[in-house]
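J.: According to TrEMBL, the protein carries these features:
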type: ACT_SITE; residues: Cys370; note: active site
type: ACT_SITE; residues: Cys370; note: active site, nucleophile
type: BINDING; residues: Gln248, Tyr278, Glu299, Asp343; note: S-adenosyl-L-methionine binding site
type: DOMAIN; residues: 1-56; note: domain 'TRAM'
Amino acid sequence: MTTYDITFERMVHGGEALGRLDDGRVVFVPYVLPGERAIVRLTETHKRWARGVVVERLTNAPERVEPRCPHFGPSACGGCHWQHANYAAQLAYKTDIVRDQIARIGKQNPEVVRPCIGMETPWHYRNHVQLHISEDGRLGYIRADQNGVEPIDACLIMNHRVAELFEQLEISFPSLQRVALRGSDRTGDGMVILETLEDEPPEIEVDLPVSVVMVLSDGTPVTLVGSPYLEEEVAGRRWRISANSFFQTNTEMAEKLVYLVREFAQPLLGIETVVDVYGGVGLLGISLAPEVQHVIIVESNPDAIHDAHHNGADLGNVSPFVEDAAVALSNWEAPRPHLVIVDPPRAGIEREALEALARLRPPRLIYVSCDPATLARDIRFLCEQGYHLDVVQPLDMFPHTYHVENVARLSLE
């Protein structure tokens with residue numbers, strides 16, 4: 001077995017550390033930290049780069065800590081990537097990664113990227129988890145090596161309500177594929193979402209206050225017990241969230257996101273129309289509604305739009321529409337909006353929608369993203385169309401993982 005002695009330089013997007021081979025190729029290795037030296041075995045080789053695993057770690061970086069979770073590691077749970085680094089280091093890594101992506105892919109000045117905002121207590125934050133079924137029928141997460149399911153007894157990043165549901169959950173029937181748990185520490189609401197191979201509802205006995213929803217093979221949710229939605233509390237408002245609706249998985253940081261978008265949207269005086277594209281249940285757009293004349297929410301998920309109607313009903317100036325982003329922006333007939341908020345999925349804004357957005361030319365854009373690479377790609381295009389990147393603020397929505405939320409503000413030059 002050929003091995004290599006490598007000293008690592010920095011963390012990169014994807015959660016691995018970057019080092020260099022003697023022939024100049026870069027090598028990406030998980031579970032090591034910048035400054036550490038390790039013996040590495042290559043698992044994937046290419047002309048300019050390689051990927052490897054640690055055989056033996058020779059030195060420890062001062063940022064290294066003992067992981068708190070017994071399931072953390074390269075052949076165990078893949079839910080967390082960085083529990084071996086202290087939290088201050090994780091925030092620094094994320095700041096550096098976003099700056100690298102903005103400079104290298106986005107071709108913008110990395111100094112516009114502010115330091116990543118973290119959590120006061122970066123544990124027990126997830127209000128939504130997806131669990132899979134292991135070979136022995138237990139619930140767990142996909143392993144870090146993608147080789148099966150790691151059964152778990154507890155999870156330190158589940159919020160307290162979700163952890164409570166997990167501890168009390170006893171579900172077992174042959175057609176069960178996945179179980180999602182959603183819960184709010186603020187309202188106490190909880191939901192169990194079942195995905196099965198068959199559309200025949202199982203017999204269920206529920207001994208705790210929770211809703212149970214089954215998702216059919218065509219994606220249709222069927223409520224078996226309780227309510228088809230739960231409620232969360234963010235920024236002084238209650239938000240209805242159906243089983244199939246997206247909502248930020250970290251409630252504390254979702255609140256910081258709302259306040260940050262509100263800050264980036266200023267000044268709102270005189271703004272008539274705000275358009276919230278990929279608007280989900282309306283969290284960002286509705287949060288601005290009391291300060292503007294009209295908020296339009298564009299979202300392709302009909303369940304989420306149904307929630308948005310409910311969430312903004314008391315304000316009287318919120319108009320949710322079920323529509324694909326590209327179709328809505330390409331066929332825009334209303335007056336040009338003063339501000340557009342976009343919060344696309346990880347893949348970023350699809351090209352047709354991005355081109356339509358550039359043609360619409362709203363004076364200001366706020367781009368919320370959970371992937372710095374696709375954010376940087378889309379920012380580069382928008383800046384080539386006449387926009388200026390004012391600022392990017394990373395938010396640690398996902399502690400102990402390499403994932404990072406970002407809020408970027410762009411304005412027409």
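Our numbering is plain: 1 for the first residue shown, then up by one each step along the chain.
Glycine residues also receive a Cβ, built from the backbone N, Cα and C atoms like all the rest.
Can you tell me where each of these features sits in the structure?
T.: Taking all protein chains in view, 20 other C-beta atoms sit within 10 angstroms of the C-beta of Cys370 (active site). DSSP assigns Cys370 (active site) to coil in the three-state reduction, placing it in neither a helix nor a strand.
Secondary structure from DSSP puts Asp343 (S-adenosyl-L-methionine binding site) in coil.
Confidence over the domain 'TRAM' (1-56), given as mean pLDDT on the 0 to 100 scale, stands at 97.
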J.: Return the residues near Glu299 (S-adenosyl-L-methionine binding site) by Cβ distance under 8 Å, restricted to its own chain and a separation of at least 6 in sequence.
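T.: Listed in sequence order: Tyr278, Gly279, Gly280, Ile305, Ala308, Pro320, Phe321, Val322, Glu323.
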J.: Translate the DSSP assignment of Glu299 (S-adenosyl-L-methionine binding site) into the three-state scheme.
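T.: Assignment for Glu299 (S-adenosyl-L-methionine binding site) reads strand.
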J.: What is the three-state DSSP composition of the domain 'TRAM' (1-56), stated as helix, strand and coil residue counts?
T.: 0 helix, 33 strand, 23 coil
J.: If the S-adenosyl-L-methionine site is taken as the center of the Cβ atoms of Gln248, Tyr278, Glu299, Asp343, which further residues of that chain fall within 8 Å of it by their Cβ?
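T.: Close Cβ neighbours, site residues excluded: Phe246, Asp276, Gly279, Gly280, Leu283, Leu284, Pro344, Val368.
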J.: Using Cα coordinates, what distance in whole Å links Asp343 (S-adenosyl-L-methionine binding site) and Cys370 (active site)?
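T.: Roughly 9 Å, rounded to the nearest whole number.
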J.: Need one number for the S-adenosyl-L-methionine-binding residues Gln248, Tyr278, Glu299, Asp343: the maximum pairwise CA distance in Å, whole number please.
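T.: Taking every pair of listed residues, the largest Cα separation comes to 15 Å.
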